[in-house]
Amino acid sequence: MVYTMSGVRFAHLPSIKSSSLPTFNDDRRGNAVSFSLRKDTRSSGKIFGRKPSSDSESSSLATTPSEKLGGHQSDSSSAVTGHVEPLETVSQDTTQVLDDVHAQRIETEGQDTSGSMSESFVQEVGQRRIPPPGDGKKIYDIDPMLKSHNGHLDYRYGQYIKLREQIDKNEGGLEAFSRGYEIFGFTRSATGITYREWAPGAKAASLIGDFNNWNSKVDVMSRNEFGVWEIFLPNNADGSPAIPHGSRVKIRMDTPTGIKDSIPAWIKYSVQAPGEIPYNGVYYDPAEEEKYVFKHPRPRKPTSLRIYESHVGMSSTEPMINTYANFRDDVLPRIKKLGYNAVQIMAIQEHSYYASFGYHVTNFFAPSSRFGTPDDLKSLIDKAHELGLVVLMDIVHSHASKNTLDGLNMFDGTDGQYFHSGERGYHWMWDSRLFNYGSWEVLRYLLSNARWWLEEYKFDGFRFDGVTSMMYTHHGLQVEFTGNYSEYFGYSTDVDAVVYLMLVNDMIHGLYPEAIVVGEDVSGMPAFCIPVQDGGVGFDYRLHMAVADKWIELLKKRDEDWQVGDIVFTLTNRRWGEKCVVYAESHDQALVGDKTIAFWLMDKDMYDFMAVDGQATPRVDRGIALHKMIRLVTMGLGGEGYLNFMGNEFGHPEWIDFPRTDQHLPDGRVIPGNNASYDKCRRRFDLGDAEYLRYHGLQEFDRAMQHLEEKYGFMTSEHLYISRKDEGDRVIVFERGSLVFVFNFHWTNSYSDYRIGCSVPGKYKIVLDSDGSLFGGFNRLDDSAEFFTSDGRYDDRPCSLMVYAPCRTAVVYAAVDGDEDSISLVPEDV
């Protein structure tokens, strides 16, 4: 049977009907599906509640939610103190942790869990290793300026070490701790289904859903002393599971604020039924023959990272919500053809509000059902791997939706279960909830969440959203970071959050050495991209966010007011030894209320003057020239990785505007919507493909730019030398790797016989010319010309050559030996 919603087909799911949800005392479950549920008396081998002892051979399970780790669990604790207090040791009398399921079998009456993990998986995990903490001192050798803040940094690393020790002692290690999804939520064994939920604020709980006609009297859950609710549903007499695949499920709780129905916190899939506003959790467990099986191995980690930032829902050329399947078949081949080696996918975690761009997450373990099923997403990722593309997930651990009906907010009737209670638990600008990273169970939840996406869906890494908001109690709002180190290591730093980031990076890199982790940090936190064992936070890359802001600042000015020295400074202003992913614009600049670079440059002329056989306006000519130059100089100087949001490679017109209806505020004001239109929530790839439009030239230039980097690998070369920043000529010349880049930003002046310095003597050829006719330029250069160096130092380089530098052009030269051909300007189709 097929369930359809918003034009998306979900194979093998039963039809979903609206439910009238009863109270705890309303019995609607018929005898045909009823079974007697006896009280759980598995005290001799129960999952939760065994206390560790010094002579115990294995550790036990879940911590009490009232425990404090290092004095930083309660909301009253400060983020960091100048006077460092020692971390409290968690008492053996109160600490309860999850069993290491690799080391021991969970002993539960009537259940067989021996088949819960394949032998191959156990062997695979057994070969993985999360390295033990180092001494955390190497950061002082890397950056001596950190020595003046060693008190804070040593305290931070001490917190990390002690937390690792507690996890090792009580949970069997970080590897086991990060597998909470094997215990919490729904787990299937040979004899039935177990459902567990941490909800310490609840006074009673029942599992309800289609499978029991939403009857809260039948499947009543039992609670242990640590606030974990549990129920075991044995298989039906015919061996089928008590909860059919595709059934809607919720947990009904008697909470301090009343009776509440919630989607299970660890749910793996959720959908919105037609005519219903809240989402419903879905028990997703298709038959083995229907489950997607990955066919292709993960690609190797690329040396240089060229990321295509994308959103599945808006990836159609039509005004509609696109699907995982269409993205797999139509968009992935496009990304490969363009020359990118990584695709970053936004809005994967389920979010009930589409217009949040996926950043107000409601169900952290569930892929968005708007785009298809979990197996559809797996097929997408597998196809990307077949094409040699690594797949990064835009993961949100910085905040959560404040929805109470289908999210984590007030899950057990209290506001401090997963989040800080009171004012500290709310992000006033994002209108969302903020996690309490000092809570043991929150750590388990988030660490397991990151691992789940890597393990189950084979993502190759993450872009962590909103990291600046996590690391500071002021969340980076109304704060100007000047680079003074005291801004990073003071009372406003949330040490709990930074330690969580260290833990998750340690876990990811230990278990998945090829994984790539990018952090969105605007503050410039020192040691952000230094390994955890050396005292750093552990990210692989930092997003170089200042560059996009600089371009918008310049685009608001006249050309005469641009300073090439300012451009160079912004592009190169990054910490030595810490890699950056740079971009001229991302999805942020494309949203309604802002403008893309192309729209800043060409404005309304984009509508009427983009035909190749028509007359271009001066604004269009300027826009096309600068669009190419901005992107190339950003890639050439700005970082070790590069990012582009889908469609911007060809100068996508207009902005992104998600479908919205009018919003009526409590004070009577109305925020107008857009009549729920999808017209500006799509990508017009047809414009970039149309050879009769100037958009095509921009797309071909971006493609050639990626191909250039693929061949020469200049972004990751250790050789970078800026030989000229001429404010009078408006010229920038630099060497990166084996290439020489020449940018002439002057609006009218072209320079013939223009001497530039270079480090390698011999013959040079043009390998990329932004003025080429294929790229919508004026073709003022001869791409077949050869350039020979002259001896003698120039611009502090050992030799030089004479070139022609037309106005508003970017030209790249490469030294060649003998008759060796330089790179083709037109990469072959894939």
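Quick reminder: no glycine exception, Cβ is built from N, Cα and C everywhere.
In TrEMBL this protein carries:
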ACT_SITE  Asp465  active site, nucleophile
ACT_SITE  Glu520  active site, proton donor
COMPBIAS  111-121  compositional bias 'Polar residues'
DOMAIN    322-682  domain 'Glycosyl hydrolase family 13 catalytic'
REGION    17-94  region 'Disordered'
REGION    107-136  region 'Disordered'
The residue listed as 'active site, proton donor' to the residue listed as 'active site, nucleophile' - Cα separation in whole Å: 5
For Asp465 (active site, nucleophile), nearby residues of its own chain (Cβ under 8 Å, 6 or more apart in sequence): Tyr359, Asp394, Ile395, Val396, His397, Ser398, Glu520
Averaged pLDDT score, the domain 'Glycosyl hydrolase family 13 catalytic' (322-682): 96
Mapped DSSP class for the residue listed as 'active site, proton donor', helix or strand or coil: coil
